[in-house]
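Peer 1: Questions regarding the structure given below will be posed in turn.
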Amino acid sequence: MQFRLEKRREPSRVVLYSAPLIAVLLTMFFGAIIFSAIGYDGVGAVREIFLTPITNSLKWQDLAVKASPLIIIGVGLSIAYRANVWNIGAEGQYIMGGLAATWVALLTHGMGGFWILPAMMVAGFLGGAAYAAIPAFFKTRLNVNEILTSLMLTYASVQLIYYLVRAPWKDPMGMGFPQTRRFASEALLPNIVPGTIVHAGVPIAIIVALVAWFVMSRSVFGYQVKVVGSAPHAARYGGFSENKTIWLALLLSGALAGFAGALEVSGPFQRMVPGFPTNYGFTAIIVAFLGRLNPLGVIFAGIIMAITFVGGEVAQTTIGLPSSASGIFQSMMLFFLLAGDILVRYRLKRVAPQGEARA
Amino acid sequence: MPNRLELSGITKQFPGVLANDNVSFAVKPGEIHALLGENGAGKSTLVKMIYGIMQPDAGEIRWNGEPVVVPNPKAARKFGIGMVFQHFSLFEALTVLENIALGMDAKVPSRELEARIREVMATYGLALDPHRTVATLSVGERQRIEIVRALLLNPQLLIMDEPTSVLTPQEVEQLFTVLRKLAAEGCSILYISHKLHEIKALCDVATILRGGKLVDTCDPKQETSRSMAEKMIGSGLKDIVKPEGRSFGTPKLVVNRLSTLSTGHFDIPVRNVSFTVRAGEILGIAGVAGNGQNALLDALSGEVRSDDRDAISIDGLGIGGMDTTERRRHGLCAVPEERNGHAAVGDFSLSDNSVLTARDRLGMVVMGLINSGAARTYTGRVIADFAVKALGPASTAGSLSGGNLQKYIMGREILQKPSVLVVSQPTWGVDAGAAAAIHQALVDLAAAGSAIVVISQDLDELRALADTLAVINMGELSAARPVKDFSVEEIGLLMGGVHGEAAA
Amino acid sequence: MSTELLIAIIITVVGASTPILIAALGELVVEKSGVLNLGVEGMMLVGAITAFVVTFTTGNHYLAIVCAAGAGVAASMIFGFLTLSLSANQTATGLALTIFGTGFSALAGQGYSARPVTLLGPLFPAELATHPVWRVLFGYSALVYFSLIMVVVVWFFLKRTRAGLILRAVGENDLSAHSIGYSVIGVRYAAVAFGGAMAGIAGACFPLLLTPQWAERMTAGRGWIAVALVVFASWKPFRLLAGAYLFGLVMTMELYAKAGGGPLSSIPSELWAAMPYLATIVVLVLISIRRDASSNAPACLGRPFLPSN
């Protein structure tokens, strides 16, 4: 028996929206097999990574805290990718947002005032946007590939953290550790559920996603992004500027990544440390795809990714699975998702073997 | 002597379409055999099976009397079947020599290959420098590469798929000379076309297909163009109804010394183009592809803006500096040649495609938000008025056939009642019925007082549709004159670049 | 500057450049066939950990290189299957491959960190490299000579062989190549596999040529620099050679700036560490200012191919 791909008349919505779920299930299935094959407790690994964070209510606050930056960055990336703008430097923009917020926090240290935290958020926004403006400038002016520029800037920004926390921003009371001082209480993100680590960033992430969904699905701006992304020539014919869209896509995705950085540094971290880059910016790429470049989907994808992070930590302590295992699971999910994409436009058709056809 | 090629009962089924239904005919040695039919009649599918690109579901192919199976193009070439495609399979960045080498099945040292190429070119009077990069060649020269490539294999049957659609009348004549010489040497030629006068001039036998079925095999020299056309199209031809004794109103679209900058190697810019279209007038712009038509359309639609505000004006208002959106607000709509990806977004629903160009003229945007209900209603009207075969406004543009998508696009612009409409290749690849409907809609729009510019390579279309005609060549536009004052020969000379009163 | 220092500089530059050159040569062939594989960094990491583990367990460097190449091919086939057989988005799949390679190498390298191996020694007998000048010519390991030979091989293959012509044709116009009767997918699979093998070997350079141990993410973005270099070299092998050595120079500049003393030595080491990445951006910008450079790009680069019938 042979199979053949046959083009569908219309792309299948069923496949489009069920593919992420199927990708997750396939990842659990094959993940169990692969990890068993290399000598770990494969079934246990899948259980701890994918199920424990959901079933154990103590882990929910971790999920919320891990998911919110992923969602915020993922929303921005989903908009950029819709515009066919491949910003893969969100990690760098996240770092710059965090650094900008840190800068405000250090500068205002000792001054009281309710305005400090908002100022840090704005700084994070601007810091991320400014860093994303570099690839935007080169892309629109000289057609320099934004994938490479945004990624190279990420590597550079990591070095910038190292430099700042080692020299000018180093905490004088830090006993030689390369880190800044702990932020003053005015510069810390408030907890919204007493007794947990759930901070204000969690509801903000949901609001960001909802607003982005509304804008993308209903507004002319969302329309513009989608036209430029799927048919730039048609966009020009329709009166939309490709360059303007590239700028907006990069600035917006950079700003959101920077905003997430500001939230993280003022929330969970409370200071700038060399370990601040936690790969949220890269994982958010998977989040954007798994969420089908749709802000509502990004909420769910962000939670799924957070599950693998939290679950990865659980598995590390309970069954001794290395922390890198979650990276494998995450990339497997993306592989399965991308593999399944062909079935959105094509269907598998059974064909009789050659020869019988011409009876 | 057996027939060179004989087809009996060839049938090919595609999902939802019977592309070839029990087709049988024969080609004799040295015969120039026309395969005639509308777009979608099944000509391409048929020759793809002869050339081994596709396999028939049923039927038999005989080659020099022997039943054969042609599993792939390589096998076809081995039999001695050569093919020149309508869309050239050339590699822009490679040289002529490299391109030809790629088409050879046997490995030939490049020096020997070059010698053989030069020999073939000398024999058939085809001039070409083997070391030039294809990107620098004209369309006619590119076709010569394909012909040389096919001739190097000493074919016994040469398939030519719509070879003249991109040539000037003079280049067509040169091509015919080559083909006649080949036929005289015993090579059979299967000539695919829907241009009746060419077939009458060139071919010994014509096989006519309609809707996948063979309608007739006849001697084109004994037929009239009209009788062949009726066989090809079926139910009698419908003529365009033009209101008699029309008078044109005031100048609506005035183009004054419009020039564009060079954008890339796909099309050449236009230089100092001037013309006027009055209310109710249809101006036809003829020309061979790649002579500045795309640049002209982009400049008129606003996709490329002009530095000179007054290079283009509507009702006396200079719009040269405006973008497409502003120009649409001022009543100028345009339809580019490329449908999918330029005039429409294949991934989007028809409803969303309506938002692309009609959002401002028809109030589909309120405070930055899209009123999708309005878009759906308008799309429904376009589908109904232009008989677009689609499931509804939610169908994606990419799911429509080329002809239906073109009907939708033309409908989308025409129903906006633009005061100026610029269209390129309005009926390219559209079946005869749909073409007639589109022509009628354009004539009706003009009758209602709009000024229309039709850019086309199809002279028959322009002669039927346009009131006045101008010819574009190398980015320059000839003076526009009433269409009835032109002879075909004169248009041909202008298309080939012979300008001025000497030609007139 | 003393001859000794100059020679030391040349030798470090050549060493630092070699992995980038090898990876970029592979990517160049892949891109010439019309495929953009952004998974170079991931494949390099897979190659690096494979080479490390094989060297650690067997002590055989050449076996390690062969295994690294094989591991690179295996990783590239994930990409090939998704993008070629299933026509998945090449950019996204390449990124996924890099994420996968990072995770895989970290997992496989668990427990190997801070365990030393020996570097691959010079190819030629030490007697040939006694004099400093001879050392510049004969003092390197086999990987370095391999990279140089491959520059010529890739150039010759693309320019002078029929297979190379077919590969370029596939990258230039896949539909035409298909209609003439060439297997577009087959050619691209072969190219992707070659790119995988080269990336694997490039990864092997890290534990065998540069630092004799395993560290997570030890390729540190060199795979991405290799991708950028292909653009910089406008898809020409000899320009790639020049570009890779230029980068080797940038990457090792800190060493001799520090050694040389003077104002350069006061530049913070973080800035030196960031230099290759910033230089990549500068180089991409400079090459883009020359408009014609991108016109040499394969016309089908990154476009999925699915024959219609």
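Cβ atoms here come from the backbone N, Cα and C positions, even for glycine.
Because the structure is a prediction, the values reported are computed rather than measured.
According to TrEMBL, the protein has these features:
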TRANSMEM  C:6-26  transmembrane segment
TRANSMEM  C:38-56  transmembrane segment
TRANSMEM  C:62-82  transmembrane segment
TRANSMEM  C:94-113  transmembrane segment
TRANSMEM  C:133-158  transmembrane segment
TRANSMEM  C:189-209  transmembrane segment
TRANSMEM  C:215-233  transmembrane segment
TRANSMEM  C:240-259  transmembrane segment
TRANSMEM  C:271-289  transmembrane segment
Peer 1: Output the single range from C:6-26, C:62-82, C:189-209 maximising the number of Cβ pairs under 8 Å to the transmembrane segment (C:240-259).
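Peer 2: Most contacts with the transmembrane segment (C:240-259): C:6-26.
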Peer 1: Six or more residues out from either end of the transmembrane segment (C:94-113), which same-chain residues have a Cβ under 8 Å from its Cβ atoms?
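Peer 2: Hits for the transmembrane segment (C:94-113): 36-46, 48-50, 52-53, 56, 75-76, 78-79, 213-217, 223.
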Peer 1: Restricting to the same chain and to residues at least six past its boundaries, which positions have a Cβ under 8 Å from a Cβ of the transmembrane segment (C:62-82)?
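Peer 2: Long-range Cβ neighbours of the transmembrane segment (C:62-82): 37, 39, 42-44, 46-48, 50-52, 54-55, 88, 93-94, 97, 100-101, 104, 142-143, 188-189, 192-193, 195-201, 203-204, 208.
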Peer 1: Are there residues at least six beyond either end of the transmembrane segment (C:189-209) with Cβ under 8 Å to its Cβ atoms? List them, or say none.
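Peer 2: Counting only partners 6 or more residues beyond its ends, the transmembrane segment (C:189-209) has Cβ contacts under 8 Å with 15, 18-20, 22-23, 25-27, 29-30, 32-33, 35, 37, 39-40, 43-52, 55, 61, 64-65, 68-77, 79-80, 84, 117, 119-120, 141, 143-144, 146, 150, 167, 218-219, 222-223, 226.
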Peer 1: Which stretch from C:6-26, C:38-56, C:133-158, C:271-289 shares the most C-beta pairs under 8 Å with the transmembrane segment (C:215-233)?
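Peer 2: It is C:38-56, which has the most Cβ pairs under 8 Å.
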Peer 1: What else in the chain is close to the transmembrane segment (C:133-158), if you only count residues 6 or more beyond its ends and a Cβ gap under 8 Å?
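Peer 2: Sequence-distant neighbours of the transmembrane segment (C:133-158): 7, 10-11, 14-15, 18, 21-22, 25, 28-29, 32, 62, 65, 119-124, 164, 167-168, 198, 201, 204-205, 208-209, 236-238, 240-241.
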Peer 1: Go through the chain and flag residues at least 6 beyond the ends of the transmembrane segment (C:271-289) whose CB is under 8 A from any CB in it; none is fine as an answer.
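Peer 2: Contacts with the transmembrane segment (C:271-289): 221, 224-225, 228, 231-232, 234, 243, 246-247, 250-251, 253-254, 257.
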Peer 1: Apart from its near flanks, which chain residues at least 6 from the ends of the transmembrane segment (C:6-26) lie with a Cβ under 8 angstroms of it?
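Peer 2: That would be 40, 44, 132-133, 135-136, 139-140, 143-144, 146-147, 150-151, 154, 194-199, 201-203, 205-206, 209-210, 219, 222-223, 225-227, 229-230, 233, 237, 240-241, 243-245, 247-249, 251-252, 255-256.
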